[in-house]
Amino acid sequence: MAPRQSKTAKRSKTQNKTRANESEVFSDASARNLMANQPKLTEKSKVKKLSKRVVKKQQAKIRLYGAKNGKEYREDQLDIPTLNKAIIPGVRAKKGKKGKKFVDDNDTLTLSRLVKSINDKYDVVNESKLEKSRRLEELRELKKKEIERKEQQKMDKLEGKKSELKNRASVARSNRRKNAKAAKKIEDEETDQPRKKTKSVSFA
């Protein structure tokens with residue numbers, strides 16, 4: 001025969017069976033009112049959702065003719081903020097293409113050297129040693145002349161700068177002399193003017 005259950009055991013057994021977790025919204029009236037008055041936090045989408053029929057049509061068009069590319073925007077149209085760059089003092093950033101050197105139209109020396117050096121690749125095919133040495137000698141001469149011209153340009157620039165500084169110094173010197181002469185003239189005029197006689201009183 002099974003042992004007899006106590007009343008407390010029976011009560012706990014029945015309680016465990018019927019226990020349920022009920023939400024406060026259903027049990028508490030004030031909580032229910034709070035939920036009812038709560039505004040919609042998520043904004044309603046401004047873009048209208050397409051119907052299934054329209055979407056199907058669009059998909060069919062894409063399959064037939066391909067998808068259209070969206071509008072391409074330039075960088076200045078996108079309003080991208082420009083970042084602050086660190087400026088290194090005394091270093092000027094080079095502009096333009098890297099390693100690009102422009103040749104003047106009247107610079108026949110450089111142009112002829114370039115033409116000769118470019119034609120090298122095609123002349124090598126059938127030329128004698130004598131022709132090759134002559135061509136290389138011409139190239140060397142042209143390069144030498146170019147270097148001499150560059151040196152001359154540097155010297156001219158230096159001389160020009162020197163003369164400019166000398167002229168500036170001489171102009172400053174002449175200005176100083178003029179100012180000194182003018183000041184001396186004013187002083188002389190002031191001394192030449194007769195001073196007014198002042199009455200002197202003597203006490204015996």
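Including glycine, each Cβ sits where the backbone N, Cα and C put it.
Here the structure is a predicted model, which means the values were calculated and not measured.
The region 'Disordered' feature in Swiss-Prot is assigned to 1-52 (among others).
Per Swiss-Prot, the feature compositional bias 'Basic residues' maps to 7-16 (among others).
Annotation comment: Swiss-Prot describes 121-178 as coiled coil.
What Swiss-Prot lists as compositional bias 'Basic and acidic residues' is 148-167 (among others).
What Swiss-Prot records for 148-204 (among others) is region 'Disordered'.
Taking H, G and I as helix, E and B as strand and the rest as coil, DSSP gives the compositional bias 'Basic residues' (174-183) the counts 10 helix, 0 strand, 0 coil. Per Swiss-Prot, the feature compositional bias 'Basic residues' maps to 174-183 (among others).
The feature compositional bias 'Basic and acidic residues' is assigned by Swiss-Prot to 184-195 (among others).
Counting residues 6+ beyond its ends, the compositional bias 'Basic and acidic residues' (148-167) has Cβ neighbours under 8 Å at 109 in the same chain. Per DSSP, the compositional bias 'Basic and acidic residues' (148-167) is made up of 20 helix, 0 strand, 0 coil.
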